[in-house]
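Scroll down for the structure; my scribbles are underneath it.
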Amino acid sequence: MMNSSAGERREHILRAAVRDRLVEPESAVLAAFVDLDEVAASVAALHKAFPDSVDVLHTFAAKANCLVPVLEEVRKLGMGCEVASAGELAQALSAGFAPEQIVYDSPAKTRSDLRQALDLGVAVNADNFQELARIDEILAARASTTGSAPASRIGVRLNPQVGGGGIAEMSTATATSKFGIALEDDGNRQRLLDAYRERPWLTWVHAHVGSQGCPLDLIAQGIAKAVAFAEEVNSTCGRRQVTGIDIGGGLPVNFADDETTPGFDDYVAALRAHAPALFTGAYRIVTEFGRSLLAKNGFTAACVEYTKVSGGRPIAITHAGAQVATRTVFMPAAWPLRLTAHSPDGTLKQGEPVPQDIAGPCCFAGDLLAEARPLPRLAPGDIVALLDTGAYYSSTPFHYNSLPDPAVHGVRVDPDGHVHFRPLRQAETIRDVLARTGR
Ligand SMILES: Cc1ncc(COP(=O)(O)O)c(C=O)c1O
């Protein structure tokens, strides 16, 4: 297995999964796989990309794949965890992250979310001025009861307003984005400078420019504005108040082929060009990558149940649709997925490609993974693999039609090619489905 291509490795894993009955036409019509060896390689590439001279905490954005064993895995690889809800915070704690390794971002934190994070010592990035006022209240109450300052690193999320990327819905630094404090809006810069001056505990600056579709230069320009703002705080306060910059995530993923491009080193090169002050050692850095660490290291396998021809178009009805590929089904132009066709034993199907619709099981006509996709002609019992689905797919279900969430299996491959699976999530049973629907 040592020198196999990514495609050969996937086929090898899928064949082993069929042999182990993890993909099976009655009991396991849909299953997802996360290649843990490759996740380790991606995390290592991230660590290697940043110079040792800067103090960086790389956190994994739990939203990209919130399965607790996945979080545990990245923790063991030396990462922290970025969370954006009380649920994700619970997942991170359950995965064993220490509070100081966790960063809490969300535009809608409640008072109790904030209190919990500050009590634990989890880092918090305030999204807006109203949230800052709530933090003031919580800290004042805390100081009067415990007399202690919070252990949490506290920052403000800036919207550097550098514009959007290729997917509007993923672009968080547009002029009117719902995230963060809009740096260039009238009066905001001064209000922010005042806010920092009045709050000595406000020691971090946060920016996340966008996720998928944002060019590296755009992301780096946004981060550069956050760094320049940190320098401005420090010079106007006359002290090094801001000691850390949280640069978010957002490295785009190549969904077109097996190349991992751009890489983390390309991103660091862009950051060095636009924001050299980040690398002087004056600031601690936090990163929050998600998709770029997991997407290409997972795939989903779906059995073909039936095939038919309608209006002259061959259609394969599979068990993967909007419930596991929500973004692809609802926004196919923005989130196209590569698909491969396999025989029932998992081997890659040979044969002349024929344009086929690859449909899912959900009850709406648009539940298609791909339209007129050229693939070897599929037959009932075949398997379709959805590539690059390690992030934001099976872990992010859409519960329409009460379809059960599929099993997710962790995979490791020995140097001698032996494939080992371990459960990252059990498949939901119909009983589980009833439990989440009121029974
Ligand atoms: C604040 C924040 N940080 C990090 C991420 C992770 O982004 P990505 O998975 O593109 O790296 C997101 C994604 O939405 C985010 O909103």
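Keep in mind that glycine also has a Cβ here, set from the backbone N, Cα and C atoms.
The feature domain 'Orn/DAP/Arg decarboxylase 2 N-terminal' is assigned by TrEMBL to 37-294. Annotation source TrEMBL lists N6-(pyridoxal phosphate)lysine at LYS63. Here TrEMBL flags 296-390 as domain 'Orn/DAP/Arg decarboxylase 2 C-terminal'. Sequence annotations record features per position, and here TrEMBL assigns active site, proton donor to CYS363.
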Other CB atoms, at most 10 A from the CB of LYS63 (N6-(pyridoxal phosphate)lysine):
21
Overall pLDDT for the domain 'Orn/DAP/Arg decarboxylase 2 C-terminal' (296-390), taken as the rounded mean
98
Cβ density check for CYS363 (active site, proton donor), other Cβ within 10 Å (all protein chains) comes to 10
LYS63 (N6-(pyridoxal phosphate)lysine) and CYS363 (active site, proton donor), Cα-Cα, nearest whole angstrom
27
Return one of helix, strand or coil for the residue listed as 'N6-(pyridoxal phosphate)lysine', based on DSSP.
helix
